[in-house]
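Here you go, one structure.
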(Lines of atoms letter the chains of each structure in order from A and count residues from 1; the text may use other names and numbers.)
(Lines give C-alpha, C1' and ligand atoms only; values in the text may rest on other atoms or scores of the structure.)
Protein backbone atom coordinates (compact mmCIF):
# COMPACT_ATOMS: atom_id res chain seq x y z
CA UNK A 1 0.00 0.00 0.00
CA UNK A 2 2.88 2.39 0.91
CA UNK A 3 4.59 1.61 -2.38
CA UNK A 4 1.41 2.39 -4.29
CA UNK A 5 0.92 5.70 -2.49
CA UNK A 6 4.56 6.65 -3.06
CA UNK A 7 4.19 5.97 -6.77
CA UNK A 8 1.05 8.13 -6.92
CA UNK A 9 2.54 11.12 -5.10
CA UNK A 10 6.02 10.98 -6.62
CA UNK A 11 4.76 13.17 -9.44
CA UNK A 12 1.36 14.74 -10.12
CA UNK A 13 -0.41 11.44 -10.83
CA UNK A 14 -2.75 11.48 -7.82
CA UNK A 15 -3.97 15.03 -8.48
CA UNK A 16 -4.23 14.21 -12.20
CA UNK A 17 -6.42 11.16 -11.49
CA UNK A 18 -8.72 13.25 -9.26
CA UNK A 19 -9.05 16.18 -11.68
CA UNK A 20 -9.62 13.85 -14.62
CA UNK A 21 -12.19 11.88 -12.62
CA UNK A 22 -14.42 14.79 -11.51
CA UNK A 23 -14.89 15.92 -15.10
CA UNK A 24 -15.03 12.40 -16.51
CA UNK A 25 -16.91 9.37 -15.24
CA UNK A 26 -17.98 11.22 -12.04
CA UNK A 27 -20.42 13.19 -14.18
CA UNK A 28 -22.09 10.03 -15.47
CA UNK A 29 -22.43 8.54 -12.00
CA UNK A 30 -23.98 11.73 -10.61
CA UNK A 31 -26.55 12.11 -13.39
CA UNK A 32 -27.59 8.45 -13.24
CA UNK A 33 -28.60 8.60 -9.56
CA UNK A 34 -29.54 12.23 -9.00
CA UNK A 35 -32.56 11.94 -11.28
CA UNK A 36 -34.20 9.46 -8.89
CA UNK A 37 -34.55 11.80 -5.90
CA UNK A 38 -36.45 14.71 -7.52
CA UNK A 39 -38.60 12.44 -9.70
CA UNK A 40 -41.93 13.34 -7.99
CA UNK A 41 -41.10 17.06 -8.21
CA UNK A 42 -40.17 16.91 -11.90
CA UNK A 43 -43.33 14.98 -12.73
CA UNK A 44 -45.40 17.63 -10.95
CA UNK A 45 -43.49 20.32 -12.86
CA UNK A 46 -44.30 18.59 -16.17
CA UNK A 47 -47.99 18.54 -15.34
CA UNK A 48 -47.98 22.11 -14.01
CA UNK A 49 -46.10 23.42 -17.05
CA UNK A 50 -48.64 21.81 -19.38
CA UNK A 51 -51.61 23.02 -17.31
CA UNK A 52 -50.45 26.65 -17.27
CA UNK A 53 -49.98 26.65 -21.04
CA UNK A 54 -53.04 24.62 -22.11
CA UNK A 55 -55.48 24.93 -19.22
CA UNK A 56 -55.79 21.19 -18.64
CA UNK A 57 -53.84 18.50 -16.83
CA UNK A 58 -51.96 15.66 -18.51
CA UNK A 59 -53.08 12.09 -18.06
CA UNK A 60 -50.86 10.07 -15.67
CA UNK A 61 -49.74 7.90 -18.60
CA UNK A 62 -48.55 10.99 -20.52
CA UNK A 63 -46.66 12.32 -17.50
CA UNK A 64 -45.00 8.90 -17.08
CA UNK A 65 -44.05 8.89 -20.76
CA UNK A 66 -42.46 12.37 -20.61
CA UNK A 67 -40.70 11.47 -17.37
CA UNK A 68 -39.28 8.35 -19.02
CA UNK A 69 -38.19 10.51 -21.96
CA UNK A 70 -36.33 12.84 -19.57
CA UNK A 71 -34.49 9.81 -18.17
CA UNK A 72 -33.78 8.29 -21.58
CA UNK A 73 -32.80 11.57 -23.35
CA UNK A 74 -29.74 11.55 -21.12
CA UNK A 75 -28.85 8.15 -22.56
CA UNK A 76 -29.50 9.32 -26.14
CA UNK A 77 -27.10 12.21 -25.57
CA UNK A 78 -24.60 9.81 -24.05
CA UNK A 79 -24.84 7.61 -27.12
CA UNK A 80 -24.00 10.46 -29.50
CA UNK A 81 -21.24 11.66 -27.17
CA UNK A 82 -19.68 8.19 -27.11
CA UNK A 83 -19.86 7.86 -30.90
CA UNK A 84 -18.02 11.18 -31.35
CA UNK A 85 -15.03 10.25 -29.17
CA UNK A 86 -12.83 8.91 -31.99
CA UNK A 87 -13.36 11.99 -34.16
CA UNK A 88 -12.87 14.50 -31.34
CA UNK A 89 -9.86 12.86 -29.66
CA UNK A 90 -8.25 12.28 -33.05
CA UNK A 91 -8.56 15.95 -33.94
CA UNK A 92 -7.86 17.64 -30.60
CA UNK A 93 -5.97 15.00 -28.63
CA UNK A 94 -7.04 13.62 -25.27
CA UNK A 95 -6.34 16.72 -23.18
CA UNK A 96 -7.99 19.39 -25.33
CA UNK A 97 -10.97 17.14 -26.04
CA UNK A 98 -11.58 16.78 -22.30
CA UNK A 99 -11.19 20.53 -21.73
CA UNK A 100 -13.70 21.47 -24.43
CA UNK A 101 -16.12 18.81 -23.27
CA UNK A 102 -16.56 20.74 -20.02
CA UNK A 103 -18.12 23.67 -21.88
CA UNK A 104 -21.01 21.43 -23.02
CA UNK A 105 -21.78 20.50 -19.41
CA UNK A 106 -21.74 24.17 -18.39
CA UNK A 107 -24.13 25.15 -21.23
CA UNK A 108 -26.47 22.32 -20.22
CA UNK A 109 -26.45 23.61 -16.63
CA UNK A 110 -27.49 27.10 -17.77
CA UNK A 111 -30.42 25.62 -19.73
CA UNK A 112 -31.49 23.45 -16.77
CA UNK A 113 -31.28 26.37 -14.33
CA UNK A 114 -33.51 28.58 -16.49
CA UNK A 115 -36.05 25.86 -17.38
CA UNK A 116 -38.05 26.43 -14.20
CA UNK A 117 -38.20 30.17 -14.77
CA UNK A 118 -39.28 29.58 -18.37
CA UNK A 119 -41.86 27.01 -17.22
CA UNK A 120 -40.63 24.62 -19.92
CA UNK A 121 -40.18 20.87 -19.45
CA UNK A 122 -38.84 20.86 -23.04
CA UNK A 123 -35.77 22.73 -21.75
CA UNK A 124 -35.30 19.97 -19.15
CA UNK A 125 -35.29 17.44 -22.01
CA UNK A 126 -32.69 19.49 -23.93
CA UNK A 127 -30.49 19.96 -20.87
CA UNK A 128 -30.63 16.24 -20.09
CA UNK A 129 -29.59 15.47 -23.68
CA UNK A 130 -26.60 17.84 -23.45
CA UNK A 131 -25.63 16.49 -20.02
CA UNK A 132 -25.74 13.02 -21.55
CA UNK A 133 -23.61 14.05 -24.55
CA UNK A 134 -21.01 15.58 -22.24
CA UNK A 135 -21.04 12.57 -19.88
CA UNK A 136 -20.83 10.04 -22.73
CA UNK A 137 -17.95 11.83 -24.44
CA UNK A 138 -16.21 12.65 -21.16
CA UNK A 139 -16.38 9.09 -19.80
CA UNK A 140 -14.76 7.67 -22.94
CA UNK A 141 -12.04 10.35 -23.03
CA UNK A 142 -11.47 9.73 -19.32
CA UNK A 143 -10.90 6.00 -19.87
CA UNK A 144 -8.61 6.53 -22.88
CA UNK A 145 -6.65 9.34 -21.20
CA UNK A 146 -6.11 7.29 -18.02
CA UNK A 147 -5.00 4.16 -19.85
CA UNK A 148 -2.58 6.07 -22.06
CA UNK A 149 -1.07 7.93 -19.09
CA UNK A 150 -0.43 5.01 -16.73
CA UNK A 151 2.61 2.68 -16.45
CA UNK A 152 1.94 -0.94 -17.42
CA UNK A 153 2.32 -2.31 -13.88
CA UNK A 154 -0.27 0.15 -12.53
CA UNK A 155 -2.64 0.26 -15.50
CA UNK A 156 -5.29 -1.98 -13.98
CA UNK A 157 -5.45 0.04 -10.77
CA UNK A 158 -5.30 3.43 -12.49
CA UNK A 159 -7.96 2.67 -15.11
CA UNK A 160 -10.18 1.21 -12.39
CA UNK A 161 -10.38 4.72 -10.86
CA UNK A 162 -12.76 5.55 -13.71
CA UNK A 163 -15.22 3.07 -12.18
CA UNK A 164 -14.44 4.45 -8.70
CA UNK A 165 -15.40 7.96 -9.83
CA UNK A 166 -18.65 6.61 -11.28
CA UNK A 167 -19.41 5.26 -7.80
CA UNK A 168 -18.35 8.52 -6.13
CA UNK A 169 -20.56 10.40 -8.59
CA UNK A 170 -23.51 8.16 -7.74
CA UNK A 171 -22.95 8.69 -4.02
CA UNK A 172 -22.64 12.46 -4.48
CA UNK A 173 -25.87 12.47 -6.48
CA UNK A 174 -27.67 10.58 -3.72
CA UNK A 175 -26.19 12.82 -1.01
CA UNK A 176 -27.10 16.00 -2.88
CA UNK A 177 -30.65 14.70 -3.31
CA UNK A 178 -31.26 14.50 0.44
CA UNK A 179 -33.96 16.91 1.64
CA UNK A 180 -31.45 18.49 4.02
CA UNK A 181 -29.10 19.33 1.13
CA UNK A 182 -30.71 20.09 -2.27
CA UNK A 183 -33.63 17.64 -2.19
CA UNK A 184 -36.31 20.29 -1.62
CA UNK A 185 -38.96 20.73 -4.34
CA UNK A 186 -37.91 24.34 -4.94
CA UNK A 187 -34.30 23.34 -5.67
CA UNK A 188 -34.59 20.40 -8.09
CA UNK A 189 -33.27 22.39 -11.09
CA UNK A 190 -30.23 23.51 -9.05
CA UNK A 191 -29.68 19.93 -7.88
CA UNK A 192 -29.42 18.68 -11.47
CA UNK A 193 -26.74 21.30 -12.25
CA UNK A 194 -24.25 20.37 -9.51
CA UNK A 195 -21.88 18.44 -11.88
CA UNK A 196 -21.24 21.63 -13.86
CA UNK A 197 -19.34 22.99 -10.83
CA UNK A 198 -16.90 20.08 -11.10
CA UNK A 199 -16.67 20.66 -14.88
CA UNK A 200 -15.63 24.24 -14.14
CA UNK A 201 -12.86 23.02 -11.81
CA UNK A 202 -11.52 20.66 -14.47
CA UNK A 203 -11.74 23.37 -17.13
CA UNK A 204 -9.49 25.60 -15.01
CA UNK A 205 -6.99 23.01 -13.70
CA UNK A 206 -6.51 20.40 -16.47
CA UNK A 207 -4.50 22.74 -18.79
CA UNK A 208 -1.64 22.49 -16.25
CA UNK A 209 -1.27 18.73 -16.85
CA UNK A 210 0.42 17.02 -19.85
CA UNK A 211 -1.13 15.25 -22.80
CA UNK A 212 -1.37 11.42 -22.63
CA UNK A 213 2.21 10.00 -23.00
CA UNK A 214 1.12 7.04 -25.16
CA UNK A 215 -0.72 9.40 -27.53
CA UNK A 216 2.36 11.65 -27.75
CA UNK A 217 4.68 8.80 -28.74
CA UNK A 218 2.50 6.49 -30.86
CA UNK A 219 0.29 9.07 -32.59
CA UNK A 220 2.51 12.17 -32.54
CA UNK A 221 5.90 10.33 -32.75
CA UNK A 222 7.44 12.54 -30.05
CA UNK A 223 9.45 10.44 -27.61
CA UNK A 224 10.88 13.40 -25.69
CA UNK A 225 7.46 14.88 -24.93
CA UNK A 226 6.25 11.42 -23.99
CA UNK A 227 9.10 10.98 -21.49
CA UNK A 228 8.53 14.49 -20.10
CA UNK A 229 4.82 13.74 -19.65
CA UNK A 230 5.59 10.48 -17.80
CA UNK A 231 8.06 12.32 -15.54
CA UNK A 232 5.50 15.05 -14.78
CA UNK A 233 2.89 12.48 -13.79
CA UNK A 234 4.99 9.77 -12.16
CA UNK A 235 8.18 11.51 -11.00
CA UNK A 236 11.79 11.33 -12.12
CA UNK A 237 13.00 8.38 -14.17
CA UNK A 238 13.78 7.22 -17.69
CA UNK A 239 10.70 4.95 -17.98
CA UNK A 240 12.54 2.66 -20.38
CA UNK A 241 10.12 -0.26 -19.96
CA UNK A 242 7.06 1.92 -20.67
CA UNK A 243 8.64 3.61 -23.68
CA UNK A 244 9.89 0.29 -25.09
CA UNK A 245 6.36 -1.09 -24.81
CA UNK A 246 4.99 1.94 -26.69
CA UNK A 247 7.68 1.72 -29.37
CA UNK A 248 6.91 -2.00 -29.84
CA UNK A 249 3.21 -1.23 -30.24
CA UNK A 250 4.02 1.61 -32.63
CA UNK A 251 6.08 -0.81 -34.74
CA UNK A 252 3.30 -3.42 -34.62
CA UNK A 253 0.69 -1.08 -36.07
CA UNK A 254 3.25 0.11 -38.68
CA UNK A 255 2.03 3.69 -38.81
CA UNK A 256 -1.58 2.62 -39.25
CA UNK A 257 -3.97 5.49 -38.61
CA UNK A 258 -6.69 5.23 -36.00
CA UNK A 259 -9.40 2.85 -37.19
CA UNK A 260 -12.99 3.95 -37.68
CA UNK A 261 -15.76 1.90 -36.10
CA UNK A 262 -16.64 0.30 -39.44
CA UNK A 263 -13.00 -0.60 -40.07
CA UNK A 264 -12.78 -2.17 -36.61
CA UNK A 265 -15.97 -4.16 -37.18
CA UNK A 266 -14.55 -5.46 -40.48
CA UNK A 267 -11.15 -6.34 -38.96
CA UNK A 268 -11.03 -10.13 -38.66
CA UNK A 269 -8.12 -9.92 -36.17
CA UNK A 270 -10.36 -8.03 -33.71
CA UNK A 271 -13.42 -10.25 -34.15
CA UNK A 272 -13.11 -12.17 -30.88
CA UNK A 273 -12.32 -9.01 -28.90
CA UNK A 274 -15.47 -7.38 -30.31
CA UNK A 275 -17.61 -10.41 -29.43
CA UNK A 276 -16.22 -10.33 -25.90
CA UNK A 277 -17.00 -6.61 -25.55
CA UNK A 278 -20.47 -7.12 -27.02
CA UNK A 279 -21.44 -9.90 -24.61
CA UNK A 280 -19.99 -8.29 -21.48
CA UNK A 281 -21.27 -4.75 -22.16
CA UNK A 282 -24.78 -5.90 -23.07
CA UNK A 283 -24.77 -8.05 -19.95
CA UNK A 284 -23.73 -5.09 -17.79
CA UNK A 285 -26.51 -2.95 -19.21
CA UNK A 286 -29.16 -5.61 -18.68
CA UNK A 287 -27.86 -7.02 -15.40
CA UNK A 288 -30.17 -4.65 -13.51
CA UNK A 289 -27.70 -2.09 -12.14
CA UNK A 290 -28.93 0.72 -14.41
CA UNK A 291 -32.51 0.11 -13.33
CA UNK A 292 -31.52 0.11 -9.65
CA UNK A 293 -29.49 3.33 -10.07
CA UNK A 294 -32.01 5.35 -12.08
CA UNK A 295 -35.21 4.05 -10.49
CA UNK A 296 -34.13 3.29 -6.93
CA UNK A 297 -36.84 5.56 -5.53
CA UNK A 298 -39.54 3.62 -7.43
CA UNK A 299 -38.06 0.24 -6.48
CA UNK A 300 -37.89 1.00 -2.76
CA UNK A 301 -41.38 2.52 -2.91
CA UNK A 302 -42.61 -0.72 -4.53
CA UNK A 303 -41.25 -2.81 -1.64
CA UNK A 304 -42.99 -0.59 0.93
CA UNK A 305 -39.96 1.25 2.34
CA UNK A 306 -41.31 4.49 3.96
CA UNK A 307 -40.94 7.41 1.55
CA UNK A 308 -39.07 9.57 4.08
CA UNK A 309 -36.47 6.77 4.49
CA UNK A 310 -35.85 5.97 0.82
CA UNK A 311 -33.22 8.64 0.21
CA UNK A 312 -31.15 7.38 3.13
CA UNK A 313 -31.33 3.81 1.86
CA UNK A 314 -30.10 4.88 -1.59
CA UNK A 315 -27.30 6.81 0.12
CA UNK A 316 -26.19 3.58 1.80
CA UNK A 317 -26.19 1.83 -1.58
CA UNK A 318 -23.92 4.57 -2.95
CA UNK A 319 -21.50 4.26 -0.04
CA UNK A 320 -21.23 0.50 -0.57
CA UNK A 321 -20.39 1.13 -4.25
CA UNK A 322 -17.51 3.47 -3.41
CA UNK A 323 -16.03 1.19 -0.75
CA UNK A 324 -16.26 -1.88 -3.00
CA UNK A 325 -14.75 -0.05 -5.98
CA UNK A 326 -11.75 1.05 -3.92
CA UNK A 327 -11.32 -2.49 -2.58
CA UNK A 328 -11.44 -3.88 -6.12
CA UNK A 329 -8.66 -1.45 -7.06
CA UNK A 330 -6.43 -3.06 -4.46
CA UNK A 331 -7.26 -6.60 -5.68
CA UNK A 332 -7.37 -6.32 -9.48
CA UNK A 333 -3.61 -6.69 -10.03
CA UNK A 334 -3.28 -9.72 -7.73
CA UNK A 335 -6.53 -11.57 -8.48
CA UNK A 336 -6.70 -10.80 -12.19
CA UNK A 337 -9.49 -9.61 -14.49
CA UNK A 338 -11.12 -12.91 -15.46
CA UNK A 339 -11.78 -14.22 -11.93
CA UNK A 340 -13.36 -10.95 -10.82
CA UNK A 341 -15.58 -10.92 -13.91
CA UNK A 342 -17.05 -14.44 -13.81
CA UNK A 343 -17.43 -14.57 -10.03
CA UNK A 344 -19.05 -11.13 -9.99
CA UNK A 345 -21.61 -12.04 -12.65
CA UNK A 346 -22.31 -15.40 -10.99
CA UNK A 347 -22.93 -13.86 -7.57
CA UNK A 348 -25.11 -11.14 -9.13
CA UNK A 349 -27.28 -13.81 -10.78
CA UNK A 350 -27.89 -15.58 -7.47
CA UNK A 351 -28.63 -12.34 -5.63
CA UNK A 352 -31.04 -11.13 -8.31
CA UNK A 353 -32.94 -14.44 -8.09
CA UNK A 354 -33.32 -13.93 -4.34
CA UNK A 355 -34.48 -10.34 -4.94
CA UNK A 356 -37.22 -11.71 -7.20
CA UNK A 357 -38.39 -14.07 -4.45
CA UNK A 358 -38.25 -11.40 -1.73
CA UNK A 359 -40.24 -8.93 -3.86
CA UNK A 360 -42.86 -11.57 -4.50
CA UNK A 361 -43.18 -12.26 -0.75
CA UNK A 362 -42.98 -8.65 0.45
CA UNK A 363 -46.54 -8.64 1.81
CA UNK A 364 -46.06 -11.81 3.88
CA UNK A 365 -44.05 -10.22 6.68
CA UNK A 366 -42.89 -6.75 7.79
CA UNK A 367 -39.20 -7.78 7.67
CA UNK A 368 -39.15 -9.02 4.06
CA UNK A 369 -38.64 -5.52 2.55
CA UNK A 370 -35.52 -5.10 4.69
CA UNK A 371 -34.17 -8.42 3.36
CA UNK A 372 -34.72 -7.01 -0.15
CA UNK A 373 -32.74 -3.89 0.75
CA UNK A 374 -29.86 -6.06 2.03
CA UNK A 375 -29.93 -8.09 -1.20
CA UNK A 376 -29.77 -4.90 -3.29
CA UNK A 377 -26.72 -3.86 -1.26
CA UNK A 378 -25.13 -7.25 -1.99
CA UNK A 379 -25.92 -6.95 -5.69
CA UNK A 380 -24.25 -3.53 -5.88
CA UNK A 381 -21.19 -4.84 -4.02
CA UNK A 382 -20.72 -7.78 -6.41
CA UNK A 383 -21.29 -5.49 -9.42
CA UNK A 384 -18.68 -2.93 -8.36
CA UNK A 385 -16.19 -5.58 -7.28
CA UNK A 386 -16.58 -7.45 -10.57
CA UNK A 387 -17.80 -6.17 -13.96
CA UNK A 388 -17.71 -2.43 -13.18
CA UNK A 389 -14.16 -2.53 -11.86
CA UNK A 390 -12.70 -4.78 -14.55
CA UNK A 391 -14.14 -3.28 -17.75
CA UNK A 392 -11.91 -0.16 -18.12
CA UNK A 393 -8.72 -2.23 -17.86
CA UNK A 394 -10.07 -5.01 -20.07
CA UNK A 395 -10.97 -2.64 -22.91
CA UNK A 396 -7.44 -1.21 -22.90
CA UNK A 397 -5.70 -4.57 -22.77
CA UNK A 398 -7.48 -6.39 -25.60
CA UNK A 399 -7.21 -3.60 -28.20
CA UNK A 400 -4.09 -2.00 -29.67
CA UNK A 401 -3.61 1.79 -29.94
CA UNK A 402 -5.02 2.18 -33.46
CA UNK A 403 -8.17 0.25 -32.52
CA UNK A 404 -8.74 1.65 -29.03
CA UNK A 405 -10.74 4.84 -29.82
CA UNK A 406 -13.08 2.87 -32.12
CA UNK A 407 -13.39 0.19 -29.44
CA UNK A 408 -14.57 2.83 -26.96
CA UNK A 409 -17.07 4.06 -29.56
CA UNK A 410 -18.35 0.49 -29.87
CA UNK A 411 -18.65 -0.05 -26.12
CA UNK A 412 -20.19 3.41 -25.74
CA UNK A 413 -22.90 2.60 -28.25
CA UNK A 414 -23.71 -0.61 -26.41
CA UNK A 415 -23.71 1.10 -23.02
CA UNK A 416 -25.88 4.08 -23.92
CA UNK A 417 -28.30 2.22 -26.16
CA UNK A 418 -28.87 -0.25 -23.36
CA UNK A 419 -29.38 2.54 -20.85
CA UNK A 420 -31.82 4.34 -23.17
CA UNK A 421 -33.88 1.20 -23.81
CA UNK A 422 -33.95 0.26 -20.14
CA UNK A 423 -34.61 3.83 -19.02
CA UNK A 424 -37.64 4.08 -21.28
CA UNK A 425 -39.03 0.62 -20.64
CA UNK A 426 -38.32 -0.06 -16.97
CA UNK A 427 -41.11 2.09 -15.42
CA UNK A 428 -43.64 0.20 -17.55
CA UNK A 429 -41.96 -3.20 -16.96
CA UNK A 430 -41.99 -2.88 -13.17
CA UNK A 431 -45.62 -1.65 -13.28
CA UNK A 432 -46.66 -4.64 -15.40
CA UNK A 433 -44.48 -7.51 -14.16
CA UNK A 434 -43.81 -6.34 -10.58
CA UNK A 435 -41.31 -8.65 -8.87
CA UNK A 436 -40.81 -10.87 -11.93
CA UNK A 437 -39.06 -7.99 -13.72
CA UNK A 438 -35.84 -9.11 -12.05
CA UNK A 439 -35.92 -12.66 -13.44
CA UNK A 440 -34.64 -11.21 -16.74
CA UNK A 441 -31.68 -9.62 -14.98
CA UNK A 442 -30.78 -12.83 -13.14
CA UNK A 443 -30.72 -14.80 -16.41
CA UNK A 444 -28.51 -12.21 -18.12
CA UNK A 445 -25.99 -12.31 -15.24
CA UNK A 446 -25.86 -16.12 -15.29
CA UNK A 447 -25.25 -16.21 -19.06
CA UNK A 448 -22.48 -13.58 -18.78
CA UNK A 449 -20.75 -15.45 -15.95
CA UNK A 450 -20.71 -18.70 -17.94
CA UNK A 451 -19.42 -16.90 -21.05
CA UNK A 452 -16.50 -15.35 -19.17
CA UNK A 453 -15.67 -18.56 -17.29
CA UNK A 454 -15.47 -20.74 -20.40
CA UNK A 455 -14.40 -18.36 -23.17
CA UNK A 456 -12.57 -15.25 -21.91
CA UNK A 457 -8.81 -15.53 -21.17
CA UNK A 458 -6.91 -13.60 -18.50
CA UNK A 459 -5.55 -10.29 -19.91
CA UNK A 460 -3.43 -9.10 -17.00
CA UNK A 461 0.14 -8.06 -18.01
CA UNK A 462 -0.42 -8.66 -21.69
CA UNK A 463 -2.04 -7.18 -24.77
CA UNK A 464 -3.99 -9.58 -26.93
CA UNK A 465 -2.99 -9.65 -30.59
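Residue numbering: from 1, along the chain as shown.
Here the Cβ of each residue, glycine as well, is placed from N, Cα and C on the backbone.
Curation does not apply to TrEMBL; its annotations are automatic.
Straight out of TrEMBL:
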DOMAIN    17-460  domain 'Major facilitator superfamily (MFS) profile'
TRANSMEM  12-30  transmembrane segment
TRANSMEM  65-85  transmembrane segment
TRANSMEM  97-114  transmembrane segment
TRANSMEM  126-145  transmembrane segment
TRANSMEM  157-175  transmembrane segment
TRANSMEM  187-209  transmembrane segment
TRANSMEM  274-300  transmembrane segment
TRANSMEM  312-332  transmembrane segment
TRANSMEM  339-361  transmembrane segment
TRANSMEM  367-394  transmembrane segment
TRANSMEM  406-430  transmembrane segment
TRANSMEM  436-456  transmembrane segment
With pairs 6 or more apart in sequence, are the transmembrane segment (339-361) and the transmembrane segment (65-85) linked by at least 3 Cβ pairs under 8 Å?
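Contact between the transmembrane segment (339-361) and the transmembrane segment (65-85): absent.
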Can you say which of 12-30, 157-175, 312-332, 436-456 has the most Cβ pairs under 8 Å with the transmembrane segment (97-114)?
12-30
Output the single range from 126-145, 157-175, 187-209, 312-332, 436-456 maximising the number of Cβ pairs under 8 Å to the transmembrane segment (65-85).
126-145
So which of 12-30, 126-145, 157-175, 367-394, 436-456 is most in touch with the transmembrane segment (187-209), counting Cβ pairs under 8 Å?
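Per the Cβ under 8 Å count, 12-30.
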Name the range, of those listed as 157-175, 367-394, 436-456, that has the largest tally of Cβ pairs under 8 Å with the transmembrane segment (312-332).
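It is 157-175 that shares the most Cβ pairs under 8 Å with the transmembrane segment (312-332).
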Taking every residue in the domain 'Major facilitator superfamily (MFS) profile' (17-460), what is their average pLDDT?
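Summing pLDDT over the domain 'Major facilitator superfamily (MFS) profile' (17-460) and dividing by its length gives 85.
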In terms of Cβ proximity under 8 Å, which residues at least six beyond the ends of the transmembrane segment (436-456) contact it?
276, 279-280, 282-284, 286-288, 291, 338, 341-346, 348-350, 352-353, 355-356, 359-360, 387, 426, 429-430
